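**Student:** These came from TrEMBL, pasted as-is:
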type     : residues                           : note
BINDING  : Gly14, Ser20, Ile21, Ile94, Lys166 : NAD(+) binding site
ACT_SITE : Tyr149                             : active site, proton acceptor
ACT_SITE : Tyr159                             : active site, proton acceptor
Amino acid sequence: MYNLLKGKRGIISGALDQNSIAWKVAEKAHEEGAVFVLTNAPIAMRMGEINTLAEATGSQIVPADATSVEDLTNLFTQSQEILGGKIDFVLHSIGMSVNIRKKIPYPELNYEYFQKGIDVSALSLHKMLSVAKKLDAINEWGSVVALTYMAAQRTYPFYTDMADIKAMLESIARSFGYHYGLDKKVRINTVSQSPTKTTAGTGIKGFGSFYDYADAIAPLGNADAESCADYCITLFSDLTRMVTMQNLFHDGGYSSTGVSDDVMYRLGVENS
Ligand SMILES: NC(=O)c1ccc[n+]([C@@H]2O[C@H](COP(=O)([O-])OP(=O)(O)OC[C@H]3O[C@@H](n4cnc5c(N)ncnc54)[C@H](O)[C@@H]3O)[C@@H](O)[C@H]2O)c1
């Protein structure tokens, strides 16, 4: 523990269960001295697991559907009241694709589902930032982090519409990062995370074998949810004050590796 977030106030979205990346971020933020509000879609809260996290971290929960500007306005207003001041950090850890859920192949995407996916997983970041800016709810040098995946840059067939949606999410982080940075010195970055065994992750067709493949390519192996949380904490801290509008890979070196001995060896064994 380094007290990296001592005295900071945050909003953490997306903690569904103990496997969620956001769950680990909340635990680490608590350890590092932050106070924060937890939020998730009202429907996700019915499972009730978030209450355990709230108790463990001394946090309150404010339900908000991230597609609703009204809910988000309430979230930012209430969070400032609960925490006693403006917000220093926000985690956007929200992703959902009905096309993926229903295992619809990319060339045959259902457009209603596609639009729903865009709204939940990408526009929600714009809506959060727009609401926060209107309310002037984030302190100067505040930090916003959204989670993304490398399918925004390279093709992963099974990731279907989420590839395009993540590209949009990363673009929103860049574009809004300019405006919010200029006006209020608020920083906005995306963290591009390794495949991780969570509800959203394991819902993707072929996730298991892809997880092993990525693990065999990355020289450090796949980054887990806990190390992702550590990285997010550094981005919320004052130690990264001048980092903004970036897409930052947190993937054990996967994105920079062309080929690995491990994968070559396995192919060779199978082929010869
Ligand atoms: N798991 C992976 O392999 C992986 C890899 C890279 C990036 N990510 C990203 O990490 C983020 C968190 O996902 P996770 O892997 O922890 O899975 P998760 O399923 O635990 O979290 C996804 C969260 O999104 C929330 N959500 C869905 N619709 C919502 C809405 N309308 N309003 C508010 N919240 C809503 C869910 O309730 C859930 O808490 C997502 O953006 C995901 O795309 C995941």
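Cβ atoms here come from the backbone N, Cα and C positions, even for glycine.
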**Student:** Just checking: which of the recorded positions Ile21, Tyr149, Tyr159, Lys166 have a C-beta under 6 Å from ligand 1?
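**Tutor:** Only Ile21, Tyr149 qualify.
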**Student:** Among the active-site residues Tyr149, Tyr159, which residue has the largest number of other Cβ atoms within 10 Å of its own Cβ?
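**Tutor:** Checking each of Tyr149, Tyr159, the winner is Tyr149.
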**Student:** So how many other Cβ atoms are close to Ile94 (NAD(+) binding site), meaning within 10 Å of its Cβ?
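**Tutor:** For Ile94 (NAD(+) binding site), the count of other Cβ atoms within 10 Å is 25.
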**Student:** Within 10 Å of Tyr149 (active site, proton acceptor), Cα to Cα, which of the binding-site residues Gly14, Ser20, Ile21, Ile94, Lys166 are there?
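**Tutor:** Near Tyr149 (active site, proton acceptor) by Cα: Lys166.
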**Student:** Once the DSSP letters are reduced so that anything not helix or strand counts as coil, what is Ile94 (NAD(+) binding site)?
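**Tutor:** The three-state answer is coil.
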**Student:** Near Ser20 (NAD(+) binding site), which residues of its chain come within a Cβ-Cβ distance under 8 Å, counting only those 6 or more away in sequence?
**Tutor:** Gly14, Ser93, Thr198, Thr199, Ala225
**Student:** Specify the count of other C-beta atoms within 10 Å of the C-beta of Gly14 (NAD(+) binding site).
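**Tutor:** Gly14 (NAD(+) binding site) is surrounded by 25 other Cβ atoms within 10 Å.
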**Student:** 10 Å Cβ neighbour count around Ile21 (NAD(+) binding site)?
**Tutor:** 26
**Student:** State the Cα to Cα distance, in Å, between Ile94 (NAD(+) binding site) and Tyr159 (active site, proton acceptor), rounded to an integer.
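**Tutor:** One finds 15 Å between the Cα atoms of these residues.
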**Student:** Using only the Cα atoms of Gly14, Ser20, Ile21, Ile94, Lys166, which the record gives as binding NAD(+), return the largest interatomic distance in Å, rounded to a whole number.
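**Tutor:** Greatest Cα separation within the listed binding residues comes to 18 Å.
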**Student:** Mind giving me a neighbour count for Lys166 (NAD(+) binding site)? Other Cβ atoms within 10 Å of its Cβ, every protein chain shown.
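**Tutor:** So the number of other Cβ atoms within 10 Å of Lys166 (NAD(+) binding site) is 25.
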